[in-house]
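Enquirer: Handing you this structure, nothing more for now.
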Amino acid sequence: MGRLVFVSFSLLVVFLSLSGTAADCPSGWSSYEGHCYKPFNEPKNWDDAERFCLEQAKGGHLVSIESSEEADFVAQLVANNVRRGISYIWIGLRVQGEEKQCSTKWSDGSSVNYENWIEALSKTCLGLEQDTNHKWVNIYCGEINPFVCKA
């Protein structure tokens, strides 16, 4: 009997610790490597999308992408959740300054350590282009596009 109680308790602890990881994300968000992600189909310009992400979850911002594995996760999330026929999806990176130099920080303040550019910088905001396997492209910041938030 004591052994059954111990096994039951052990299974409960494992279940609660595993479910706690997913419970850290708001309802409807996906979890990857300790962060929460959610694509939004309602198109917004870059600034409005960033503000919206700030309001959605504690620590929320437009998505920062820090590795090729995270890029693959975000690409799959977009492919499964953003309407077909949409060309661009906002990410949390934009050109800062007069010289059109890319900011060295994402909108969440993290450093840019991974890059997936398809073209040289010419406009001020960046997004994923669905037709190029989610490579990063320059987009006019006032354009309205769906976006992905990360918290």
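Along the chain as shown, the residues are counted starting at 1.
Any Cβ shown, glycine's included, is placed from N, Cα and C.
The disulfide bond feature in Swiss-Prot is assigned to C25-C36, C53-C149, C125-C141. Annotation comment: Swiss-Prot describes 32-150 as domain 'C-type lectin'. The signal peptide feature in Swiss-Prot is assigned to 1-23.
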Enquirer: Using C-alpha positions only, work out which of the disulfide-bonded residues C53, C125, C141, C149 is nearest to C36 (disulfide bond).
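Expert: Checking each of C53, C125, C141, C149 against C36 (disulfide bond), the shortest Cα distance is to C149.
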Enquirer: Using a 10 angstroms cut-off on Cβ to Cβ distances, just flag whichever of C25, C36 is the loneliest among these disulfide-bonded residues.
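Expert: Across C25, C36, these disulfide-bonded residues, the one with fewest Cβ atoms within 10 Å is C25.
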Enquirer: What three-state secondary structure does DSSP assign to C125 (disulfide bond)?
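Expert: For C125 (disulfide bond) - judged by DSSP and reduced to three states - the answer is strand.
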Enquirer: Take the C-alpha atoms of C125 (disulfide bond) and C149 (disulfide bond) and report the distance between them in angstrom, rounded.
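Expert: That separation, Cα to Cα, works out to 15 Å.
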Enquirer: Could you work out which of the disulfide-bonded residues (C53, C125, C141, C149) has its C-beta surrounded by the smallest number of other C-beta atoms within 10 A?
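Expert: Counting other Cβ atoms within 10 Å of each of the disulfide-bonded residues C53, C125, C141, C149, the minimum falls on C141.
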Enquirer: Within the domain 'C-type lectin' (32-150), count helix residues (DSSP H, G, I), strand residues (E, B) and coil residues, in that order.
Expert: 28 helix, 43 strand, 48 coil
